[in-house]
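Comments concern the structure below.
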Amino acid sequence: MYLHFLLSLFSFCLVGYVFDYYKLFTMTDNNHQYKLLYFDVPGRAEHIRYLFAYAGVEYEDYRIQKEKWPELKRTMPFGKVPVLEIDGKPVAQSNAIARYLAKKFGLAGKNEWEELQCDVLVDTLGDLQASVTQVMKEPDPIKREEVRAKVTKEELPFYLSKFEKTVKENGGFSVGNDFTWSDLVFAVLLDQFETMYGKAALNSYPALKGLKDKVHNIPGIRSYLEVRPPRSPMPRH
Ligand SMILES: N[C@@H](CCC(=O)N[C@@H](CS)C(=O)NCC(=O)O)C(=O)O
């Protein structure tokens, strides 16, 4: 009778332990195989790399070398990257991938309203990034300076001052009162602005600078930044 009781207690505990390990395993999502394909630059994949770093989930960060791209391009779902292979199945579109991972890693917002706010901010950051990239894409040096002046004097202050207000109102976060994937997208883009315009670029936007620093101090992201490979040239297309 006593032995029977001990055996039942043991199996009960064993089931508990197995269940706890299962939860841990599924939460960290190391039960899927992920391979991220992109060029050896931050570009449209960096927020996806930040998401994996934040969650501490393993993935292969496959950085495509210039000479390998023409052949690889033919095998991509829409001929472009980033592509995330999930258990061998290729998925395209950077923000669709990021939103999917954000949901898995608890970074999509606490309710539908917050999910919507994340999408709004991520898309708006995309608009701003498109204007900034326009400068680099302009081949004519005179026109390039005109575009640069418009972006620097009009578009950047317009968007950044609105974002600054939002982050201030949310107590240091872009959405709600906790981290979301929108914060990671902010950190990537603001970092890019500092690289392009110098460290003083965010001096007038202390809340945004604070948000960027806060994201870069998340342990997983800090570790990723410490080992991030140096950039190699992007293929011309
Ligand atoms: N909307 C897509 C755009 C993807 C895209 O334009 N990818 C570029 C790199 S940023 C590319 O693959 N360029 C190489 C090519 O088109 O051959 C996304 O966000 O994933």
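In case you wondered, yes, glycine gets a Cβ from its N, Cα and C as well.
Positions annotated as domain 'GST N-terminal' by TrEMBL: 32-109. Among the features that TrEMBL reports, domain 'GST C-terminal' is placed at 111-234.
Taking DSSP states H, G and I as helix and E and B as strand, the domain 'GST N-terminal' (32-109) has 29 helix, 19 strand, 30 coil. For the domain 'GST C-terminal' (111-234), DSSP puts the residue distribution at 96 helix, 0 strand, 28 coil. On the 0 to 100 pLDDT scale, the domain 'GST N-terminal' (32-109) averages 97 in this prediction.
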